[in-house]
Amino acid sequence: MVNAGDMNGSGNLMDFLDEPFPDVGTYEDFHTIDWLREKSRDTDRHRKITSKSKESIWEFIKSLLDAWSGWVVMLLIGLLAGTLAGVIDLAVDWMTDLKEGVCLSAFWYSHEQCCWTSNETTFDDRDKCPQWQKWSELLVSQSEGASAYILNYFLYIMWALCFAFLAVSLVRVFAPYACGSGIPEIKTILSGFIIRGYLGKWTLLIKTVTLVLVVSSGLSLGKEGPLVHVACCCGNFFSSLFSKYSKNEGKRREVLSAAAAAGVSVAFGAPIGGVLFSLEEVSYYFPLKTLWRSFFAALVAAFTLRSINPFGNSRLVLFYVEYHTPWYMAELFPFILLGVFGGLWGTLFIRCNIAWCRRRKTTRLGKFPVLEVIVVTAITAIIAYPNPYTRRSTSELISELFNDCGALESSQLCDYINDPNMTRPVDDIPDRPAGPGVYSAMWQLALALVFKIVITIFTFGMKIPSGLFIPSMAVGAMAGRMVGIGVEQLAYHHHDWIIFRNWCRPGADCVTPGLYAMVGAAACLGGVTRMTVSLVVIMFELTGGLEYIVPLMAAAVTSKWVADAFGKEGIYEAHIHLNGYPFLDVKDEFTHRTLATDVMRPRRGEAPLSVLTQDSMTVEDVETLIKETDYNGFPVVVSKDSERLIGFAQRRELILAIKNARQRQDGVVSNSIVYFTEDPPELPPNSPHPLKLRRILNLSPFTVTDHTPMETVVDIFRKLGLRQCLVTRSGRLLGIITKKDVLRHMAQMANQDPESIMFN
């Protein structure tokens, strides 16, 4: 036996793991974090800082800096996200106009800015000024006629193709993760999944640049969803500067939740809506502290964007409107009809888009992402140019559809027949009969609506940054505006009907078509994303229509009910399942009567569970077990005969611990005994130094009995964010259930392919 002196002499060597070593506690790519362990580590760190703060002034100052670091990170995220959003808005405005012409006085001015600076612009022709020239005027000195139209048409298509090709090439070469909306992956990352590089610096840079290019190209996509990804990249960058967040994946996700709120805040100019969006839609773990910090980050981001003032209207958004007429109870019926339309459109879009994306994944189509983007851009540009409602940027289209028709509006949608005897204030124009401009606008809007519905299905999911908020809102706004004009004309021509008699007298301003556009936009966005509370708040912040909350709520709830009748998944959850990410959705219900023993591994006929023993395996035995298996961790038992559970050891930490021990501790060789107990085992004389690995052992792994209902197990995995759970009977280890096993079982119970869950 080894004598006491030898054992005492080697005590310091055996306990070297009491000091942390590099990379311990980190996770490999495409693995899930252990929320309980991260929480425990942060509690230990906080306890250590608190106890040290009483020792000296310096340690007290360090504890204050640690407490304030969270607010500093939020401030930095808000400043950077707001600045990037402002730059993107200004660049998109300029490059969208560049497809049609150029400003001679300063080429970096957009059409609107160019004519602002002109002294020769009249109010009636405020879109025309000598400084702004279309390409046909510049190249062939013609502004009218067939040749000028064809030249402008051709250059519009060429600019669109150029922007789209540049965007897809940058994404493909420098940052493949910069494609798509980013919200499905952000949701998955916030649930505890690791996707290295998804929130990296290259992704941030390329996504910002390519977002400007793709929106300017005129494709049917928006910048709002990708701005959430951009803000989360900012959050990841700043959290890496503070050890409190860089060394704890759980704390890092609190920062990312707040960054998502800042992203929506600058995307829509809706700080409160951003916080609610993060809470309702993307976050998995959202403590009260994160709510306050999200609020602060959203506030700073909105303030920064307001300081830049990209739209020149002293507002955070392009869509700000002020309606002068209240809504009436009878109008709830068309609002609810718009909600039904939004739910049906959401269902149609999700099913068609997922079918097309699946086809892209499983056929040769997926091998030609550049060609796909070029073809879709060409089709979009060719069909969009002849129709003035699809030629302009989608944001401008929505802005025009939301607008109320005042006396100074020059839009076709406001071409009503005026009563020459009208002497009313400018803001209170009565309902009037529609003129020829309104009827031609209705036809153009109907064609634009069909085009947007079809082309968005093929655009969302391509290998370029692509948001879905703006195209969905455009579809709803077009449908809503047409319904609004229909109701308005019905009220004007049939004001003696019983439904109009009480609230729509002749000569009164009864119906606001712009309000119907706003309600339709909310309904369609709700149908696609299944948002409710955050959607309504975003919409009233977006438009300033505070008194129209009830119509917005009615449309949002109706669209969710209708869409949920055909399937519970929103577009982001559908893309998560399509990509096979291990995401346990809180909204999914598990009602099957299976038990833990039905799901655990090993099953009957399979090899026994790979385990470590507490003090009878050598370093070589452990290394062989690691080499021959690909499990993320191993239960530790007293012995293979008794199988009494001691704890759980992570694979990565075993590898790092053994590697470090071989480098830093003399006497550790392949036949050294590995032990996980407090005291070393009794060994024969002259045996090599044993290796103590108790520090990396989780002594309180989560366990359930073999008769625990799976409904309870699923709930535990959701609410505690577990990676794995051990199954025991009377203290004896029977098996293990991982998050992947739970997802596979849920897929099987829903008659889906269990192998669609690709990642660990």
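Cβ coordinates are placed from backbone N, Cα and C, and glycine is handled just like the others.
TrEMBL: automatically predicted annotations, no manual curation.
According to TrEMBL, the transmembrane segment annotation covers 68-92 (among others).
Beyond its flanks by at least six residues, the transmembrane segment (153-175) meets 95, 98-100, 135, 200, 202-203, 205-207, 209-210, 213-214, 216-219, 369-370, 373-374, 377-378, 380-382, 385, 391, 462-465 of its own chain at Cβ-Cβ distances under 8 Å. Summarising the annotation, TrEMBL assigns transmembrane segment to 153-175 (among others).
Counting residues 6+ beyond its ends, the transmembrane segment (195-215) has Cβ neighbours under 8 Å at 29-30, 84, 87-88, 91-92, 95-96, 163-164, 166-167, 170-171, 174-175, 177-178, 182, 185, 188-189, 221-223, 226-227, 229-230, 232-237, 256, 393, 464-466 in the same chain. Residues or ranges marked as transmembrane segment in TrEMBL: 195-215 (among others).
For 227-243 (among others), the entry in TrEMBL reads transmembrane segment.
Beyond its flanks by at least six residues, the transmembrane segment (255-279) meets 70, 73-74, 77-78, 81-82, 84-86, 186, 189-190, 199, 223-225, 227-232, 234-236, 238-239, 245, 285-286, 290-291, 293-302, 304-305, 315-317, 469, 531, 533-534, 537-539, 541-542 of its own chain at Cβ-Cβ distances under 8 Å. The transmembrane segment annotation in TrEMBL covers 255-279 (among others).
According to TrEMBL, the feature transmembrane segment maps to 332-356 (among others).
Marked as transmembrane segment by TrEMBL: 368-385 (among others).
Long-range contacts of the transmembrane segment (441-461) within the same chain, counting only residues at least 6 positions beyond its ends with a Cβ under 8 Å from a Cβ of the stretch, are 180-181, 219-221, 345, 348-349, 352-353, 356-357, 360, 376, 379-380, 383-384, 387-390, 397, 411-413, 415, 468, 471-472, 474-475, 478-479, 481-482, 485, 571, 575. As annotated by TrEMBL, transmembrane segment applies to 441-461 (among others).
The transmembrane segment feature in TrEMBL is assigned to 468-487 (among others).
Here the transmembrane segment (515-540) has Cβ contacts under 8 Å with residues 264, 268, 270, 272-274, 276-277, 279-281, 321, 323, 327, 334-335, 338-339, 341-347, 349-350, 398, 401-402, 468-469, 472-481, 483-484, 487, 546, 548-549, 551-553, 555-560, 562-564, 569-572 of the same chain, all six or more residues outside its ends. Marked as transmembrane segment by TrEMBL: 515-540 (among others).
Summarising the annotation, TrEMBL assigns domain 'CBS' to 600-664 (among others).
Sequence annotations record features per position, and here TrEMBL assigns domain 'CBS' to 697-755 (among others). Taken as a whole, the domain 'CBS' (697-755) shows an average pLDDT of 89 in this prediction.
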Could you break down the residues of the domain 'CBS' (697-755) into DSSP helix, strand and coil, giving a count for each?
24 helix, 19 strand, 16 coil
Residues in the domain 'CBS' (600-664) per DSSP class, helix first, strand next, coil last, are 24 helix, 17 strand, 24 coil
Give residue numbers and ranges for long-range contacts of the transmembrane segment (68-92): same chain, 6 or more residues beyond its ends, CB-CB under 8 A.
208, 211-212, 215-216, 223, 227, 230-231, 234-235, 238-239, 241-242, 244-245, 255, 258-259, 262-263, 265-267, 289, 293, 296-305, 307-311, 393
